[in-house]
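Please read the structure below before turning to the comments.
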Amino acid sequence: MMKFTKQNFFFLVGGMIIYVVDIVVDFWVASRYFCQGQYSWSILILCFRGLSSTITQIFSYEWFKNDWEGTDTRKLKLVFLVHLFHCGIFTRYWFALKYGSQAAFKQRSSRGPSEADPSNFIQKQAIDAVTDINMLRVFKTFLETTPQLFLQIYILMEHGKTHFYQYAAITMSFCGISLSMVDYQISLRKSLPDKDEFHVLSKFVYLFYKLLTITSWILSISLITLFSVRISVILLIFLWICGFTWTLKQHTTFCKSKKMEYLYRTVVGIILIFSFFNIKGRRTKVFISIYYATHTVVSLGILFVYMFWKPSIIKEICFTIASILTILSLVLGIIFLVVYYSHFHPTTYCTLQAYSDEIDGVAGQKVRVKTGRFQNFLMQ
């Protein structure tokens, strides 16, 4: 298992600050739309925020309950109340900062034999705490940040008028998606011993691959929404059904209860609307090729529909910019995707048992290491 470093700790602090700023910006943008009489936009923003927060609280509490099974019930009741008031993520940040500071700063001073031990307790606690936060942030990214980015881009394309708070919302969305994707991949590498270290170059290649493909797809959905809201809704529902059906066929085993597993599969179906994730840790060259080939065909099809059915809009500068950005981000995103999977993606896949495995410890001894939730979460 990799070490939790000072750099990881500072990134954790930065992530927490961005999380708080994102909440403030969301309510600020929603209030501005409300004051301007744009009640539907304001309600949609609050709905995205409320839905993502509710689902992340449910998963966060369920994980606390699983981790603290057999402990004091009063502690669980307190945690339940904290999550009921949508503050569960801050509880997790508190634990992550507590363990992270110990692992990054205090552990360095004691260079005992346990430091080389992959089962080092403090290191594992810090990594597990951050990993849980990053899993929850993946849910938030695709339940709230990405849909809100789509909404803000659609509003700009529909009305043409821009305000500072709209740019603030778009900027925070891009920052949120970028940080979430990179931190997620870092946690994946740290949590699974068969994953290689995530170097600076591979981070940037992975970031551009995800960010550009997501941006291209959001622009495409915005264009089809501009053409017909009904067609856009039908397309999104159809894509969710496809993603949800695929998770059913994969027989995911992320949650202990059936109800939570179906909720997880429902959320994964939403995530797969916007970006591809491997939910079983297996080789998926065929699936990822089909996924992005479909996105490419649909994106180009949307542009051709505009050319034949609404040729007058082609002359508008807004459509021209959106079209260029859609194609450019799609092409660059696919290029970064190919580069990432050709040169930076680990060629080994997680083969750990459900709860523990044997790895080489000190002096060649076998050490039993309990693995976390991540091995059953979204792989890459």
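Note that Cβ sites are derived from N, Cα and C of the backbone, with glycine treated the same way.
Note that TrEMBL annotation is computational and uncurated.
Listed in TrEMBL:
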TRANSMEM  9-29  transmembrane segment
TRANSMEM  76-95  transmembrane segment
TRANSMEM  164-184  transmembrane segment
TRANSMEM  204-225  transmembrane segment
TRANSMEM  231-250  transmembrane segment
TRANSMEM  262-280  transmembrane segment
TRANSMEM  286-309  transmembrane segment
TRANSMEM  321-341  transmembrane segment
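Beyond the transmembrane segment (164-184), the same-chain residues lying 6 or more positions past its ends with a Cβ under 8 Å from any Cβ of the stretch are 11, 14-15, 18, 21-22, 25-26, 28-29, 32, 130, 134-135, 137-138, 140-141, 145-146, 148-149, 152-153, 155-156, 203, 206-207, 210-211, 214, 378. Highest Cβ pair count under 8 Å relative to the transmembrane segment (204-225), across stretches 9-29, 262-280, 286-309, 321-341: 321-341. Away from its own ends, the transmembrane segment (262-280) comes close to residues 55, 58-59, 138-139, 142-143, 146, 210, 213-214, 217-218, 236, 239-244, 246-248, 250, 252, 254-255, 287-288, 291-292, 378-380 of its chain (Cβ-Cβ under 8 Å, at least six residues beyond either end). Sequence-distant contacts of the transmembrane segment (286-309), counting only residues of its own chain at least 6 positions beyond either end whose CB sits under 8 Å from a CB of the stretch, comprise 213, 216-217, 220, 223-224, 227, 235, 272, 276, 278, 319, 323, 326-327, 330, 334, 337, 341.
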